[in-house]
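Asker: As listed in TrEMBL for this protein:
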type    : residues                                       : note
REGION  : 65-86                                          : region 'Disordered'
DOMAIN  : 333-594                                        : domain 'SAM-dependent methyltransferase TRM5/TYW2-type'
BINDING : Arg423, Asp461, Leu462, Glu489, Gly490, Asn512 : S-adenosyl-L-methionine binding site
Amino acid sequence: MNSLCCHSMAALRTHIPLPSPLSVSSSPRRLFSKTFSSSFSSSNAVLNLAAEHYGSLLFQYGPSLRRGRPPETPPSEESGAGVASPGFIDRTNFSRVFDVAALRVPAEECSTLEHRLRGHLLNWPRVRNVARVPGDDVDPELRRMLRDAQGDGGARLDSLAARADGKPVGEMSTLCPVLYREKLVKEFNCRGYLKFRNLAKMSRPKKKKVKSKEAVDRESKRIRKNEFATVQVVGEVEEEDEEDLSGLLGDDFRRLRWRGPTRLLLLDEQYATKGVDELPEAIKAVLHDHTCQSRLSAFELVQCQVTLSYDYWQMNELLEALLPEGIIVPSGFETVGHIAHLNLKDEHLPYKKLIAQVVLDKNRPKIQTVVNKIDAIQNDYRTMQLEVLAGNHSLVTTVVENGIRFQVDLGTVYWNSKLATERQRLISTFTSSDVVCDVFSGVGPIAISAAKKVKYVFANDLNPNAVEYLERNIVVNKLERKVEVFNMEGRRFIIAMFASQRPYSITQVVMNLPNDGAEFLDAFQGIFRNRPRAGCTMPKIHVYGFSKAQNPEYDFQERINVVLCKEAVDVETHRVRLVAPGKWMLCASFVLPEGVAFEEKAVYTL
């Protein structure tokens, strides 16, 4: 039985009965053909048919694109419909409707009931258990109209004002002038300002700045993004014997019994088709207690429709529904400032625009640009060829790492946010008396961070664009007096630093060039050959590299010994990260052997 059940669930995604002329080989996730040339209308039809087919099947708890049904009429202007410029995705086709039951309760008792019934509520991710619908409260403008100029409500409007505020009629008491004045001071609201003009002047809010059109558009989009779940009560019957108050209170109050301010408590899905008598005894007991304690607790069980829009679904859920069957959904990306850096595989390339649009929609406003690496790093500058897939085309961004700001242009310089932890680990080994020499500094993630701690830093890079941003970042972080910048080839820089008579003796050397950083170690041969042994302090070298060997530590140390032509002792090897299956990035730290530094014949000279 178990094997049969597992087999049926495994075949659930690959066998979908679709009416002709749709192909039987289509899958619930296959919205685009393999040639990626079919129109989006036919793809949306497949999505809707798949959603209808899966609506009657049971999946895990919570909403799903397969379980919900599409709305009968397309919603007017979804919140996500205006986020991106050209539409690769029809966002209206991702709206799903779910039938749930709800308890209509007085607003003042909603919080208590929610706490006591939390085990029986809907409890969906990113959906509130308390819902509001049109007509559950009095409009604030109308509420202000129910009070006279003095703010006490007036005798003729006391009853109506009390019902608008959710207070029991007949329990209002008139305060004496002294208590009324203290009440106004405590409330400190608009009614108190009429009595105490000084308080109004002292507490007047500051003049608001006029927002630009772009700021207003961003704010409106951000507000609409939170409205991805809408609740609508279905099957509500108008009462013929009630007076039509639509002219006074609005169309939401047309011939419906006004109960005062109310809220909806969304119940679990299992109660969607059950009546009051079929509810669990725990819910009945709670509701009975509240009915006995307050005469305002006039509750009722109503049927609701919860509509979840495109903005509700997370990135992996959308991509799983959109990509064809058998393609692994890309789940992660590197973030560099406002840029999302994808590393798509060959199977993802036909759908790269689609993937980028979903990534952009689901990570706004933090992410504004989505790029993909076209080719591996092969040039001497360690720059990557990037293709902008979605968003704006600006590759200049600002990265904040450990409280330090770095300006980066991903199109011309190298940056890797995944090495932030390793950089912090390396800098933690430095002391305040150290002098650091960063041979391949880039824009300065190690050099500038170390300058906050050590005595002095010499930073170098071969890429002139990286040197330009390095100098800019030094100024931004106010470290001009502690960092000296060079634009030289790595070996020439090492020889120049140790050959010159500088006031600071270099104690730490960082060589962060994993591809072939170990090959530059031969520049250390004979760097102290013209100096007396007594006055020289051997620097500690930190070199990075890759290894695919079964024992990567041993392999990396052997490569270091071959380049130095001497055996380095006390080598501390640290595994940084697994960059690919079977390929490790390592950091080897060791003190430069005296036999290498005082070699009579140097391999390289200035």
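The backbone N, Cα and C atoms fix where each Cβ goes, glycine too.
Context for these features, please: burial, neighbours, distances.
Answerer: DSSP assigns Asn512 (S-adenosyl-L-methionine binding site) to coil in the three-state reduction, placing it in neither a helix nor a strand.
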Asker: My understanding is the cutoff is Cβ-Cβ under 8 Å with a sequence separation of 6 or more in the same chain; which residues meet that for Asp461 (S-adenosyl-L-methionine binding site)?
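Answerer: Once residues fewer than 6 apart are set aside, Asp461 (S-adenosyl-L-methionine binding site) is near Phe440, Ser441, Gly442, Val467, Leu470, Asn487.
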Asker: Using a 10 Å cut-off, grab the number of neighbouring Cβ atoms around the Cβ of Arg423 (S-adenosyl-L-methionine binding site), all chains included.
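Answerer: Taking every protein chain into account, the count is 18.
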Asker: Once the chains shown are all counted, how many other Cβ atoms turn up within 10 Å of the Cβ of Gly490 (S-adenosyl-L-methionine binding site)?
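Answerer: A count of 20.
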Asker: When DSSP states are folded down to helix, strand and coil, where does Gly490 (S-adenosyl-L-methionine binding site) land?
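Answerer: SS state of Gly490 (S-adenosyl-L-methionine binding site) = helix.
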Asker: Cβ distance under 8 Å to Leu462 (S-adenosyl-L-methionine binding site), same chain, sequence separation 6 or more: which residues?
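Answerer: Looking at Cβ-Cβ distances below 8 Å from Leu462 (S-adenosyl-L-methionine binding site), excluding near sequence neighbours, one finds Asp380, Tyr381, Phe440, Asn487, Met488, Glu489, Gly490.
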